Each structure stands twice: as structure tokens, then as C-alpha cells.
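Encoded as C-alpha cells, the structure appears first; notes follow it.
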Ligand code: AMP
């Protein structure tokens, strides 16, 4: 079964065509700056990638280009659109409605729309992607895979905020988490690498990319996570501040004369590694600057690693121990220096990084010492594969008449 995975952002549309039975990535690409004069389309696998300037007024135009590129040229991934069996959509916010992936129908679309208040940029874009697919591939089965559904197992003591209870009742203000598909994937893969059932393990999963989040997964069940009502909470990130004293918000708004939207922008786009270093949101540039003696870049590095270290401590306390710590995404997978800083000083907790293994590059691997009580594992994330797999399972079950 060939599944087209769509990840629609506010001005982008990422896609992969995956054959789920053979685990083959058949095509991938991204339309960027959709709706602007600088719109462009990258399409192709690795060395065969081409970048084309293309006019895209909206996601509908972008989807038409994507489908055209899948069937045209001598490297066409498929001969005709009828070879696409189903579409899987990444949806950021599933709120209280979706504790698992679902087949998309009118009711699901209405609920995704209703939840857009909690994720205006993301859910709105996903709906544009869904409508564009309905237009260009009428009748094709589509599945919604939610970033939040992995965290619907959080107990109330983890997802409630200590605010007046009425705010929860009136606006559904609570922790929903994000990056759930990534945390689900790396926890499953970690169990395979450790050759133990996921249900027997206490895991801390760390998704450290431009966006960062940590989760506590106790015997296969997510019990806490660092992102909150929105993906701004928790760890320090590339441009996001993560958790700060909430009283800072009205203080800065008053003193800098900022609107709520400007304050939101400051915390989401001008903070984190970028805000502290003044150099970049990209850890590679911050690393270079810190190695050249830039003190603010050094501070940003220190703060980032300290922020992750504190979540490791929290989640060990929440679960009463940990068997393995799993890292993924750009920083988690690639930055040996950051990993060294995160795990330095954690030896008394039985967490011992192997300096030599930490330096190696490669695919899934254990980087703790052989006698470390807690394993440290790197798992390159693959959210698209999870979306394709969920889509396959739901559409396949529907075809053979199995009710969920
Ligand atoms: P992602 O959001 O998963 O694409 O991750 C992006 C982040 O990973 C950026 O901050 C990059 O600087 C960082 N990153 C990627 N490769 C490396 C590397 N080799 N060393 C340090 N940071 C890296």
C-alpha cells in the first residue's frame, strides 16, 4: 500500500510517499513560502533533489504541484495518482477528542476546525491540506494522526495547571503536549534496541531539535511531557523560551509596551538559543561562536544543557527511576558536545555516557558505557513512517471490515 504523508504548515507543505509493506520511501519534498512571491518546491530523494521556483497562491496550488511531480518526469515515483492508496495527515492539535489516529470524515474535520483555537497556525494549515487532497484525489481514504494523542494518557495531576478550575472548564486550558508521534516512535524503537518489551521499561524520551520536548514514558504509557497547552512550554529551544516565571509576561508587556501578540512573538521567535546568544537559533552556529570565545553563545549552550538535565531529574522522580534515556532530532542525534554537557555529573544517578561511543555517528545506537545502569540511546526519529503506518493500519482494517 502506497501512503502519501502530508505535513502542512502555515506556509509550507511537506510530503513523503511511502510504501508501507516494503518500508520504501518512494518520493519526498516540500513546498515552501506558499502564498508568497518567493515560493519554491523541492522534490526528490537525496542526490536527485531538484529545487523549482513555482507559483503557489495557496495550499491547493501546492498540492496540485506535489501530485504533478509524483507522476511526471523520467524519475516519476508512480505512473498515475491511482497508485496512491491513502493519505495520512499530520495534525498538531487533537485536544480532548482524539486519543488515537482516525479515518477522516466530516465530523473529524469539524473537530479539527473547532480545535484550531488551540493551534491556529497548525490546525488551519492541516485543514487546507485535507481539503486540497479531497479536491485533487476525491474519494481517497485519509487518516488524521495527531501530535497530541500519545499524551492523552497523562494523569490529571500532570496535565492540569494550578489556575482557577473554571479556566479549564471554560477554555479547556490544560497540558496537551506536542511531538507525540516522535516520542511514540522513539520509545517503540528503543524497546527494540534494548530487546525488551516496552511495557517493562521506564523511559525518558528527548526530542531535541529546533523545537524541544521531553517525555516520561512509564511501562509504555506517557505520564508527563514538557510541552503544554502550546509548544512554547518546557525546554529552552531554538527560538522559544520554554518555561519561564509567568510574572515576566505582564512585566515585559507593561515595560516594553507590547501587545499580547507581540509578547507571544517575542517568546516564540526571539528567545531561546537565539535570544541568549544573539548569534543564531541554529546550535551549530552557537557552537562555533562559543568555541571562538563568544560568552553569550557559551551561556546559551550552558542554559540549553541545564534545561534538559533538569527535566531528566524531574522525570526520574516522577517515575521513581529510569531504564533508558532516548535522544532524537537534530541536536539529540548529532551534537556530541551537547550530549556530553547534558549527561555530565549524572554518574551518581547511574547514567554514564561512553565518551568514545558518543563521538561516533550512525543510525540507532547505545552511547552509554557497558556498565551504566541507565542506557542512553540515540534513535533518529521518523514521524512520517509512523503516520504512514497508522494510515495503513486504519485503512487496511476498514477495507477488511474491522471496526475500531
Ligand atoms: P531539527 O529541528 O530536528 O531539524 O533540528 C535542528 C537543530 O539541530 C538545529 O539547532 C541544528 O543546529 C541542530 N543540528 C543539526 N545537526 C547538528 C550538528 N551536527 N551539530 C550540532 N547541532 C546540529
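Placement of Cβ uses the backbone N, Cα and C atoms for every residue, glycine included.
Just so you know, TrEMBL annotations are computer predictions that nobody has curated.
Quantities reported herein were computed from a predicted structural model and do not represent experimental measurements.
Copied over from TrEMBL:
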- 7, 383: Mg(2+) binding site (BINDING)
- 14, 207, 208, 209, 210, 211, 282, 283, 284, 330, 331, 332, 333, 334: ATP binding site (BINDING)
- 90: substrate binding site (BINDING)
- 147: active site, proton donor/acceptor (ACT_SITE)
- 179: site 'Transition state stabilizer' (SITE)
- 240: site 'Transition state stabilizer' (SITE)
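On the structure: features taken from TrEMBL.
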residue	record	DSSP class
7	Mg(2+) binding site	strand
14	ATP binding site	strand
90	substrate binding site	strand
179	site 'Transition state stabilizer'	coil
208	ATP binding site	strand
240	site 'Transition state stabilizer'	coil
284	ATP binding site	helix
331	ATP binding site	helix
383	Mg(2+) binding site	helix
Sparsest-packed of the listed recorded positions (147, 333, 383) - C-beta count within 10 angstroms: 333
10 Å Cα neighbourhood of residue 210 (ATP binding site): matching recorded positions from 7, 179, 240, 383: 240
Of 90, 210, 282, 284, 331, binding-site residues neighbouring ligand 1, Cβ under 6 A: 210, 282, 284, 331
Pairwise C-alpha maximum, in angstrom, for the residues (14, 207, 208, 209, 210, 211, 282, 283, 284, 330, 331, 332, 333, 334) that bind ATP according to the record: 24
Three-state secondary structure, residue 147 (active site, proton donor/acceptor) (per DSSP): coil
Chain-internal residues near residue 7 (Mg(2+) binding site), provided their CB is under 8 angstroms and they sit 6+ positions away: 13, 14, 15, 89, 90, 383, 384, 387
Residue among binding-site residues 90, 284 with least C-beta crowding, 10 angstrom cut-off: 284
Distance [Cα-Cα, Å, rounded] between residue 147 (active site, proton donor/acceptor) and residue 331 (ATP binding site): 20
Residue 331 (ATP binding site) to residue 179 (site 'Transition state stabilizer') - Cα separation in whole Å: 15
Integer Å distance between the CA atoms belonging to residue 179 (site 'Transition state stabilizer') and residue 208 (ATP binding site): 10
Rounded inter-Cα distance in Å - residue 284 (ATP binding site), residue 240 (site 'Transition state stabilizer'): 17
Separation of alpha carbons, residue 333 (ATP binding site) and residue 240 (site 'Transition state stabilizer') (Å): 20
Pairwise Cα distance for residue 282 (ATP binding site)/residue 179 (site 'Transition state stabilizer') [Å, integer]: 19
